[in-house]
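Engineer: One structure is given below, represented as structure tokens, and several questions about it will come after.
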Amino acid sequence: MTPIQNAQQIFNRQHKNLPEITVYAPGRVNIIGEHTDYNDGFVMPCAINFGTAISGAIRDDHIWNVYAADLDETDEFSLNVEIPKSEHKWANYVRGVVKFIQERYPHFQQGANLVISGNVPLSSGLSSSAALEVAVGKFCQQLGDLPLSHTDIALNGQKAENQFVGANCGNMDQLISALGQENHLLMIDCRSLETTPTPVPQDVAVIIVNSNVPHDLVTGEYNTRRQQCEEAAKFFGVKALRDVSVEQFQKREAELTALSPLAAKRARHVVTENQRVLDAVEALKNNDLTCLGKLMEASHDSMRDDFEITVPQIDYLVELVQLVIGKSGGARMTGGGFGGCIVALAPHDKVDAVRKIIADNYEKTTGLKETFYVCTASQGVRVI
């Protein structure tokens, strides 16, 4: 059963009524451009065919009653008083989104009953949190008939995660969940918010493999990386590392390394990664999978050696995939790091061989069982 069917059926069962509003927002996978979004840089994700659905109906008071079907937990809060934090982590994503929509539209105090159901794996780096934030934002927009664009909904979700949940994420995850296009990757300029759709080549599969090494960005080292990038930007006298070219970085690399070796390594990743995203757009335009594969490999090496966010299990998965696909595609870690998933672009006729080499070796070597997905690039948030 899909999340949409699940949310609708459970709502019907709980409230003896059909839902008035159903919305759906997808998770995402980032093909290239990691930890560049909060440096005002470039990213190239696609929305995937896993996501979060919300079914709901209006109430005649100011209360939101929210049931998370997959966790079997309920949260309840009022919209006509200051919204406090919940002890349930998932509930804070919902509360944060509503709180910041109320900041924009103080008259928005409409109560509702909601059922949430999703199939984005939690803590996998596929943006279950952004899918939830964008779905809640779209639900609010429909419920209150609010003049919110999909970009507004995305940025509101990011604000909720930064200021209410406490994860200092960039804006990529929410933007792609809101703006994704079917069968396209979306190059996003995280400063101007300009998007450039790039078709996924027809003969290419988007493969995601979850290492099942869990990660938690709020308590992890994500925020430290962000501080190190800000330190490097200050050294270059710019607003963000987006404003430093590869040539400019190389000229002053030794000077920065002497001052702060770690900030220099982090900056080298971000500056070169931004260039790799721009090069990847060209490679895809030219249907040059060999070039794209090299860029993805360089991106992974940079995350491993300079940004230091991969773990041995992830490195091993990438090695296994590269053995099979060779020069006909690419593989790299995707997401915040410290666990999560790898992404590969490979010809459809290599998918079974990739699945087999991982099934034969990964669990035997690491003691962890992988989860294997073949995804399609999907449309962003929508009303059902």
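Yeah, the Cβs are placed from backbone N, Cα and C, and that goes for glycine too.
Grabbed the feature section from Swiss-Prot, which reads as follows:
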ACT_SITE  Asp173  active site, proton acceptor
BINDING   Glu34, His35, Thr36, Asp37, Tyr222  substrate binding site
BINDING   Ser123, Ser124, Gly125, Leu126, Ser127, Ser128, Ser129  ATP binding site
BINDING   Ser129, Glu161  Mg(2+) binding site
SITE      Arg28  site 'Transition state stabilizer'
Engineer: Quick check: with Glu34, His35, Thr36, Asp37, Tyr222 left out, which same-chain residues have Cβ atoms within 8 Å of the centroid of the substrate site Cβ atoms?
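Structural biologist: Going along the sequence, the neighbours come out as Gly33, Tyr38, Asn39, Val43, Gly170, Met172, Arg225, Val270, Gly336.
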Engineer: If you measure from the C-alpha of the residue listed as 'active site, proton acceptor', which of the binding-site residues Glu34, Thr36, Glu161, Tyr222 fall inside 10 Å?
Structural biologist: none
Engineer: Look at the recorded positions Arg28, His35 and tell me which residue has the greatest number of other C-beta atoms within 10 angstroms of its C-beta.
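Structural biologist: Checking each of Arg28, His35, the winner is Arg28.
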Engineer: To the nearest whole angstrom, state the Cα distance for the pair Glu161 (Mg(2+) binding site) and Thr36 (substrate binding site).
Structural biologist: 17
Engineer: Which of the recorded positions Arg28, Glu34, His35, Tyr222 has its Cα closest in space to the Cα of Gly125 (ATP binding site)?
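Structural biologist: When the Cα distances are compared, Arg28 comes out closest.
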Engineer: Within a 10 Å radius of its Cβ, which of these recorded positions (Thr36, Ser129, Glu161, Asp173, Tyr222) has the fewest neighbouring Cβ atoms?
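Structural biologist: Least crowded of the recorded positions Thr36, Ser129, Glu161, Asp173, Tyr222, by Cβ count within 10 Å, is Tyr222.
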Engineer: What's the longest C-alpha separation between any two of Glu34, His35, Thr36, Asp37, Tyr222, the listed substrate-binding residues, in angstrom?
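Structural biologist: Value for the max Cα separation, rounded to a whole number: 13 Å.
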Engineer: Near Arg28 (site 'Transition state stabilizer'), which of the binding-site residues Glu34, His35, Asp37, Leu126, Ser127, Ser128 can be found within 10 Å, Cα to Cα?
Structural biologist: Leu126, Ser127, Ser128
Engineer: What number of additional C-beta atoms lies within 10 angstroms of the C-beta atom of Ser127 (ATP binding site)?
Structural biologist: 31
Engineer: Going by DSSP, is Arg28 (site 'Transition state stabilizer') sitting in a helix, a strand, or coil?
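Structural biologist: Note: Arg28 (site 'Transition state stabilizer') is in a strand by DSSP.
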Engineer: For Leu126 (ATP binding site), just count the other CB atoms lying within 10 A of its CB, please.
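Structural biologist: 29, counting other Cβ atoms within 10 Å of Leu126 (ATP binding site).
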Engineer: Other than its own, how many Cβ atoms are within 10 Å of the Cβ belonging to Asp37 (substrate binding site)?
Structural biologist: 24
Engineer: Taking just the CA atoms, what is the gap between Asp37 (substrate binding site) and Ser128 (ATP binding site) in Å?
Structural biologist: 18
Engineer: Near Ser128 (ATP binding site), which residues of its own chain have a C-beta under 8 A away, given they sit six or more steps off in sequence?
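Structural biologist: For Ser128 (ATP binding site), the qualifying residues are Gly27, Thr52, Gly118, Val120, Pro121, Leu122.
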